[in-house]
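For reference, TrEMBL has these:
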- 110-547: domain 'Major facilitator superfamily (MFS) profile' (DOMAIN)
- 45-67: transmembrane segment (TRANSMEM)
- 168-189: transmembrane segment (TRANSMEM)
- 201-224: transmembrane segment (TRANSMEM)
- 230-250: transmembrane segment (TRANSMEM)
- 257-280: transmembrane segment (TRANSMEM)
- 286-304: transmembrane segment (TRANSMEM)
- 406-427: transmembrane segment (TRANSMEM)
- 434-453: transmembrane segment (TRANSMEM)
- 465-483: transmembrane segment (TRANSMEM)
- 495-517: transmembrane segment (TRANSMEM)
- 523-542: transmembrane segment (TRANSMEM)
């Protein structure tokens, strides 16, 4: 008994010393979340009641414009002198017949250039019916147009006469919407980092609603287009900010789930929009119905928390602790006092590092200084451009296909949901490269083969379109984590930001491609299909990242994939590497260096070999538990494939990801 007491007295000081040394190490919030709940009741309530519903305005306001610009199938020149005649008589008397594809129909952009007062006077004198003469000269419509509003009852095309020589204007409206996106992400990204997630989200929401109200009040096309730029400023950001809040409050094991659910709710929002547009045919009312309800979201001011990661990054320890205590209490846990002390030490350490930091800034040009890194950057950006352009182009083109534009738009959104689930399953089994490239190639082929179908093959064209949309949606979901794993940690934020911004240029180009469908319905599909196939084949040149240690520095990034061979193009399932090189090596992190030195082993020693004899004899039980937690955190960092990039302080960054 005395021997055991002596042993306890000997071990106790060692454990206390180990606790002291471990308390001095830099601390990441991911280590606290398993203690107070990675995905407990607090996170579930936050996710289901706040963050996921907060993503819906993005889909509503990004695509309601497609139905504001509906073009009636039948329209003709207005002739004020014939106002007392019926619509059929006005067309018969004043509109010349033109032949198109062997079928005669009334011209939409010209009328007879005659003096109607004289002709009507002559007709009255002759007391006979007015008879048109095909030899009469013609002229463009100079008094506006008349529209058949049986199907399309209201749109800006009707109100502002955007047909014939002005039919490109609705396309310019889409360009205006997409032009605002990159600017808005930059501005709200700055606000997001400087003032916090809450202020950034509600500022973004207020801007979105102001732009929508201005849209509804527009009295001219240019006023309407300006309002769409304001709405466009918020489109990606209003989706991403609640997504980031959710990511920062759940543990690493659940970030994949949160990302897939966020995409799913976004898609549900688009499906709901299809129903709203079917019921509301007036474009002004549609604008208000798809924006006014979101005024209720300002009630979230009472319950939406600030991100504790951001608060810690800004040194606001007490506010962060209040949120973490609330989280722990709602989850039925308790915030340990030891974590309070370590959080405080982290804040103090971060303040001292901020004052002493003299690191050289790294920019986008550093990605292109070495040949392998330059090639990977070009290929990643090309694939991002192809994915984003084709995905949005197919989303815009959905209402143009099929016999019912509302049903086609609904189905084009519905097919995204199973693609997300399948993608979530296969990318952690078959890797990133092959699923992404194969989906892009098959999506492109599905679009291209529509060119061999006959003009009356409406249903077949719609089916091929839906298959293509489903596959490009899954591919677009893969490109984000794939790019994040290919770029080294040192330049991950810069790399993803650069690729996404350049890829976003496709959002400005794609409306002009869909505009070509006015003359040839399948031409835009063929163009988008070629872009998708090209992106898919070039992506095969990228190295696989699953089961590989991810690069940390630019030097490691240059070496990663340098031994690529042509045979890898035909390797569908990636080979597994040894555990020591399978996951992200964080030994460059000061916390890991301190951990290994405190454990009495050299830096970069095999961190996963905790079962060896040397480890069991030289390290205390507390240190072994700590090492196991660190090892699991390494595994989780790559297993959480849907994670977004972080700053060095652990806070999520806002990225232009439509």
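The backbone N, Cα and C atoms fix where each Cβ goes, glycine too.
If you count C-beta pairs under 8 angstroms between the transmembrane segment (230-250) and each of 45-67, 286-304, 465-483, the highest count goes to 45-67.
Under 8 Å from some Cβ of the transmembrane segment (257-280) lie the Cβ atoms of residues 39, 47, 51-53, 55-60, 63-64, 67, 239, 243, 246-247, 250, 286, 289-290, 395, 406-407, 409-410, 413-414, 416-417, 420-421, 424, 477, 642, all in the same chain and six or more residues away from its ends. Each of 45-67, 286-304, 406-427, 495-517, 523-542 was scored by its Cβ pairs under 8 Å to the transmembrane segment (465-483), and the highest score goes to 406-427. Below 8 angstroms of C-beta separation, residues 383, 386-387, 390, 394, 423, 426-427, 460-461, 464-465, 467-469, 471-472, 474-475, 478-479, 482, 522, 525-526, 528-537, 539-540, 544, 571-573 of the same chain, each at least six residues beyond the ends of the transmembrane segment (434-453), sit close to that stretch. Of the Cβ pairs linking the transmembrane segment (286-304) with the transmembrane segment (45-67) and spaced 6 or more residues apart, 3 or more are under 8 Å, so the two regions touch.
With a threshold of 8 Å between CB atoms, the same-chain residues lying at least 6 positions outside the transmembrane segment (168-189) that come near it are 62, 65, 69, 71, 156-157, 160, 162, 200, 203-204, 207, 221, 224-226, 228-237, 240-241, 396, 501, 504, 507-508, 510-512, 514-515, 653-656, 658. Averaged across the domain 'Major facilitator superfamily (MFS) profile' (110-547), pLDDT in this predicted model comes to 87. Sequence-distant contacts of the transmembrane segment (45-67) (same chain, six or more residues past either end, CB-CB distance under 8 Å): 155, 173-174, 177, 201, 205, 208, 212, 228, 231, 234-236, 238-239, 241-243, 245-246, 249-250, 258, 261-262, 265-270, 272-273, 276-277, 283, 286-287, 290-291, 294, 297, 300, 303-305, 330, 395-396, 399, 409.
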